[in-house]
Amino acid sequence: MNDQKIIVALDYDNQADALAFVDRIDPASCRLKVGKEMFTLFGPEFVRELHKRGFSVFLDLKFHDIPNTCSKAVRAAAEMGVWMVNVHASGGERMMTASREILEPYGKDRPLLIGVTVLTSMEQSDLAGIGLDLEPQQQVMRLASLTKNSGLDGVVCSAQEASLLKGALGQEFKLVTPGIRPVGADVGDQKRIMTPSKAIESGSDYLVIGRPITQAIDPAAVLAEINGTLA
């Protein structure tokens, strides 16, 4: 399987609609992201349905808890066979290290473990509101460095931070980028956005795209078009 760069965010409150969409696209063209709403509604069985169809799944639950609890949740994700799982880097080094260590018995079959830095909806005023008197980019760099030092595989970050992070943390450190909108797409609720080709040029490894694909009349064609710009 090619290392698909597009991760389609499945944001549905209806499992039948989600699977109807999934059945219109090819597992060779993308991976799928299951977030808090869908997982809370439909649970591990929904992930199994996606696996049955041949898709790799990014379980986007952003675990953030004491090290023992967080690491056990990460292990549960590994047992489910997901391709990627994430934790909040602001949970600290001990939490992230425990989560990494619990995956070691899975060897090459373990999921990628990714840290969440600063949510792409957050601006400087939002950080100030939680007592952080710095620019989003500064906090991203601080948390990304902590994530790497904890031995994780990469971080979720906005495309604007990608080149800076690649330069500081190395080419092997994976960057997963939400806030991606193909040319002409609606900006939605993401504050820091970029087109797919620009994001890859900037250093992003994986691109999270939702509504521009899930709400398209012909999602397979949109995927083909975006993948074409990344070739």
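Each residue, glycine too, has its Cβ placed from N, Cα and C.
Features reported for this protein in Swiss-Prot:
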type     : residues                                   : note
BINDING  : D11, K33, 60-69, T120, R181, Q190, 210-211 : substrate binding site
ACT_SITE : K62                                        : active site, proton donor
If you count the other CB atoms within 10 A of the CB of L61 (substrate binding site), including all protein chains displayed, you should get 19
Conformational class of T120 (substrate binding site) under the three-state DSSP mapping | coil
